[in-house]
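According to TrEMBL, the features are:
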type	residues	note
TRANSMEM	12-36	transmembrane segment
TRANSMEM	48-73	transmembrane segment
TRANSMEM	93-117	transmembrane segment
TRANSMEM	138-166	transmembrane segment
TRANSMEM	172-195	transmembrane segment
TRANSMEM	207-225	transmembrane segment
Amino acid sequence: MKGFFTFFKYEFLSSAMPLAFTYGMGTLALLLLRVLDISFEWVFYKGIIRVLLNTLMIGSFIAFGILLIVRAFQSFWVEIFGSRGYLTLTLPLSLDTILLSKIITLAFWAVIGTYCAPVFYNLEFFVEILLNIDIQNALIIFFDTLIMILFYITLILFITALLNALKVRTFVLFKGFGIALVIHLLWIPFTFAYVMQYYSFLSIDKLFLSIVFYFVARYLIMYKLELE
């Protein structure tokens, strides 16, 4: 895919500052909480500082999650279907290059958000787990998480493409959440079929849906696109 790394670099850098800052603040607060537990002896001030650091940590991680969701919506709705769609889609790049660059960037930040802070908080425990855990189980857990992340990213892509094809221009977020809720409710019976099976099978349905969402969205963009 010609131009993939150039466009991926642009996508990554355009999202890096707010996401890295908010997540970094949360991680810093988490690390300071650990230092506080180890070395701080002034009980009164320790309680106040703990409350402040917990507030900063929780607020930062919540902000990171919200920013990531907003970035996903903006990346698809605004930059493909919205006011910046003409600019994005007239670039000398294939549609797959554009979509995959956006999906990989969002997935990268989601994986970072899932794993980095817990690892930094207790690095010794993480190393001990790596030394004792079965590699196959570790890979299953990682890919299970990755598939779940890709499922939600492609779901957002599919919903924005569907809303655009249906020419929805009002209450976009509410209607998008409504479509997501309907999809989840319809898929619940299929998910239950895997509950009693091996753990790695739990996300096969999500992987299948992710592929379906991607190619349906791709079709809608190529043949049903309605730019604002």
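Don't overthink the numbers, they just go from 1 along the chain as shown.
Placement of Cβ uses the backbone N, Cα and C atoms for every residue, glycine included.
Bear in mind that TrEMBL entries carry predicted annotations, made automatically and left uncurated.
If you look at the transmembrane segment (138-166) against the transmembrane segment (12-36), you find fewer than three C-beta pairs under 8 angstroms, all six or more positions apart, and that falls short of contact.
Stretch with the largest number of CB pairs closer than 8 A to the transmembrane segment (12-36), among 48-73, 93-117, 207-225: 48-73.
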